[in-house]
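Visitor: This is the structure, below, for whatever I ask next.
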């Protein structure tokens, strides 16, 4: 359930906001794995002094001190580190502790993303905190160009029904309009639970059987799920046709430049399914 909490929190949307005029920051703390990646993309990696748990990309982030996780923020440690910029995650950071940081007067940038285009916006906005903003601006430009190329490349993909499984016990998926559903729709994917009234519905095997997805996606965090579906081979065409795929969860669930790697991965698998 920890994985689901981390993923679900990422999907919530708050427009990136700047609480103060951007300035070249010298000591930066990131409070979320995706924010750490965005900081590096924006050219701020050498200014990071601490990050959150699970900040494992790029590899040099592993060497930084940990000051936050999904349950808590170590405010005492942050005070000793004296950051001049904190990259926060309002949808995932503990709200009471985040509010305390604001009350203490820290400059905070709220990093949130709902769409693929907003990943580039996030990088670009953070680049203004760098002494060399052209680094982040180029990264944002390159992201937008690659995204446009992918949209053009896969624009003719035929619609295909998919099921994305986030966890096994309980079985949780996502509704349309919540991260990362745009990754699938760009590739021609049609979410079989798109009309769910809740963002991350808990569903039963029987519901999946009734909706008959042509492709089943699982995450690497739930790799055993692929084996779980083998028991239903006689009743699921996706299993019969070997269309059960494990996706790179970090690429897919973190809104960062690597999300475009997830787009290519998903599009490749859906293309295979469309040929059957």
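Cβ atoms are placed via backbone N, Cα and C, with glycine included.
Quick paste of what Swiss-Prot says about this protein:
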- 54: cyanocob(III)alamin binding site (BINDING)
- 187-267: disulfide bond (DISULFID)
- 27-274: domain 'Fe/B12 periplasmic-binding' (DOMAIN)
- 1-20: signal peptide (SIGNAL)
- 76: site 'Important for BtuC binding' (SITE)
- 206: site 'Important for BtuC binding' (SITE)
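Mind mapping these onto the model and telling me what they sit next to?
Guide: Taking the Cβ of residue 54 (cyanocob(III)alamin binding site) as centre and 10 Å as the limit, one finds 19 other Cβ atoms among all the protein chains shown.
In the three-state DSSP reading, residue 267 (disulfide bond) counts as helix. Around the Cβ of residue 267 (disulfide bond), 20 further Cβ atoms fall within 10 Å across all displayed protein chains.
A helical conformation is recorded for residue 76 (site 'Important for BtuC binding') in the three-state DSSP classification.
Spatially close to residue 206 (site 'Important for BtuC binding') yet at least six residues away along the chain is no residue at all, judged by Cβ distances under 8 angstroms.
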Visitor: Take the Cβ of residue 187 (disulfide bond) and count every other Cβ within 10 Å, whichever protein chain it belongs to.
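Guide: Other Cβ atoms found within 10 Å: 25.
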Visitor: Over the span of the domain 'Fe/B12 periplasmic-binding' (27-274), how high is the average pLDDT in this prediction?
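Guide: Reported value for the domain 'Fe/B12 periplasmic-binding' (27-274) is a mean pLDDT of 94.
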Visitor: At the level of the C-alpha atoms, what whole-angstrom distance separates residue 187 (disulfide bond) and residue 54 (cyanocob(III)alamin binding site)?
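Guide: Cα-Cα distance, residue 187 (disulfide bond) to residue 54 (cyanocob(III)alamin binding site): 28 Å.
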Visitor: May I ask for the distance between residue 267 (disulfide bond) and residue 76 (site 'Important for BtuC binding'), taken between their Cα atoms and rounded to an integer number of Å?
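Guide: Given the Cα positions, residue 267 (disulfide bond) is 45 Å from residue 76 (site 'Important for BtuC binding').
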